[in-house]
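Annotated in TrEMBL:
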DOMAIN    32-648  domain 'Major facilitator superfamily (MFS) profile'
DOMAIN    453-508  domain 'Kazal-like'
TRANSMEM  29-50  transmembrane segment
TRANSMEM  70-91  transmembrane segment
TRANSMEM  98-119  transmembrane segment
TRANSMEM  210-232  transmembrane segment
TRANSMEM  259-281  transmembrane segment
TRANSMEM  337-360  transmembrane segment
TRANSMEM  376-397  transmembrane segment
TRANSMEM  404-424  transmembrane segment
TRANSMEM  534-560  transmembrane segment
TRANSMEM  625-647  transmembrane segment
Amino acid sequence: MMEQNQHLSKTAEAQHSEKRKTRNYCNGFKMFLAALSLSFISKTLSAIIMKGSITQIERRFDISSSTVGLIDGSFEMGNLLVILFVSYFGAKLHRPKLIGIGCFVMGIGSILTALPHFFMGYYRYSKDTPINPSENSTSSLSTCLINQNLLLNRTSLEIVGKGWEKESGSHMWIYILLGNMLRGIGETPITPLGISYIDDFAKEGHSSFYLGNLFAVTMIGPIIGFLLVSLFSKMYVDIGYVDLSTIRITPKDSRWVGAWWLGFLVAGLISIISSIPFFFLPKNLDKPRKEEKASVSLPVQNEEKSQMAHLTKQGQNVSETVAGFFQSLKNILTNPLYVITLFLTLLQASSHIGIITYVFKYVEQQYGQSASETSILFGFITIPTFASGVFTGGYIIKKFKFTLVGIAKFSFCSHMLSFLFHLLNFALICENKSVAGLTLTYDGNNPVASHINVPLSYCNSGCNCDQSQWEPLCGDNGITYISPCLAGCKSSSGSKKSVMFHNCSCVEVNGFQSRNNSMKLGECPKNDQCTRKFYVYIVVQIFIFFSSALGSTSNIMLVFKNVEPELKSLAMGFHSLTIRTLGGIPAPIYFGALIDRACMKWSVNNYGKQGSCRIYNSTLYGNTFFGLTTGLKLPALVLYVVLISVMKKKYQGKGIKASENERKSLNEANLEPLSSDARVDRETHI
């Protein structure tokens, strides 16, 4: 009886211990899932803020689009620096702590990106802007004074010259590059280690459900990102430091710079906060009781023997691993289906990266929208459209149970549809603005063949104007003039944003010169036809985003389903490495370099060097931007045709359907077939 009671008590203790372990496991896993969700939100938030702030950074630091492209590509550079280390050692080390360190580094990178704002002087959007913008800045605007003394210009240049070392045009943008690179380093371990941790410790068959929830929650990041970019873009860059009533430019001005640095501070703080829980999580969550019993029952002597055997064979295993790696790499690179898929996805990714990087800038320049309006607009149309496209694509593949050839055909059709919608963008390019001195002669009467070195006209030749200045005015004739001086304006009245210029000799209304003609600061707005094109452009983008997202799931499936099951991880890893190296880094740079060629008027920084672009040739910008993306998308479609042809020959020649071959591969890898709901759902989330 006594022995029976002892046995019952031991059983009760064991059950209580098992319940405690199960409770700890559940709490630890939930904590990890919550922390990982926050880290995913923070990394997508940071990415949107960087993309949305590209134009602001370009103007603030007086740099070209190609230089901004280099800054944007530095994220991928940082990612590549540690991706091999994370891939090899990540699973062997403390994964939660590595993710925590990554989040912390990512946060530091975002904060470093914002730091130059605090070390630079006040932003000066014009040469005539005083060093302290709180002073009356309109009194220094130069008008046309016939035979004016050049000493006046020299004096103003001496005033402007103070504080050069802190102004735009310096090399402070390098800190932005380093901060973005640091952000790329920190982001590297989050996704692979986080997903593998969930897959290892989730209950059997539940990992796809958790991953689906994770990626659904991640969409909060872009939503918050677009809202913050829109909000901060409305705020002047030096908010809190200057009297905003003295700022004479508006958010639609090509020189406007919003409070870009606030977004990076917010993103950095969220990233650092998201890192904290990971440092309190265990390396491994408690295993099920059966596994623990099996491990405990092993004799200590056997464990020591196995460790000794492992040490003696370590050198041999390393050499075998290296040889096996190169052999596996050779296998996937000699697989024609994988190589074709790799090249076509690289072309597609390059076009998408270029579009995402510069689409905000394009809408601002082409349709005259402010950065704030553009951000909120793309936030509303991109996220729901892309999410619905991915879901619809995954559902179609699941519903019709496509073979591999069917998946390739479906991907081709979706991207062909996207390409056809993309071609409509060429018809939605606006005409160039009428700008005296760039598209017209300075008197506004005749068009010019080139915007370079347009000669002065009779109306401003004696004004001794600074032709590098950009202080645009809008005339009653609908023509934009580069500056009050070059418009031949003799006087001004009013102050701050309401300043008016009078007696502008270069302005003619209905073919007659009016001495009493007045002009106001700011470029002339786009015409009504361009505004209508903008609304059509938005609708076209919705169709493009949806059709592109429709084939995104099938693209991923084509990458790893055309290789042997044991090579899937390597195939996906090499694919990611190729896209980052040959797509993520160079695409923003060569897109930016070609966009720079469409610039008609450059700013001149305090060192006398070329700064950022003030106004673009709209037609050339549009044709260059969409021409380059078309040049990347079209060869990808051709490769789709080649891929489908090669796949048909491979599978039909062997008399094996793609679906059967796929099931064989999946069975070898102990995975469910394509028709399985859980497997398709998991791939859809990926």
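Cβ atoms here come from the backbone N, Cα and C positions, even for glycine.
Beyond its flanks by at least six residues, the transmembrane segment (98-119) meets 36, 39, 42-43, 46, 49-50, 60-61, 78, 86, 90, 166, 172-173, 175-176, 178-190, 193-194, 197, 237, 260-262, 264-265, 267-272, 274-279 of its own chain at Cβ-Cβ distances under 8 Å. With respect to Cβ pairs under 8 Å, the transmembrane segment (625-647) is most closely packed against 337-360, considering the stretches 29-50, 70-91, 337-360, 376-397, 534-560. Highest Cβ contact count with the transmembrane segment (376-397) among the listed stretches 29-50, 210-232, 337-360 falls to 210-232 (criterion: pairs under 8 Å). Secondary structure of the domain 'Kazal-like' (453-508) per DSSP (helix as H, G, I; strand as E, B; remaining residues coil): 3 helix, 11 strand, 42 coil.
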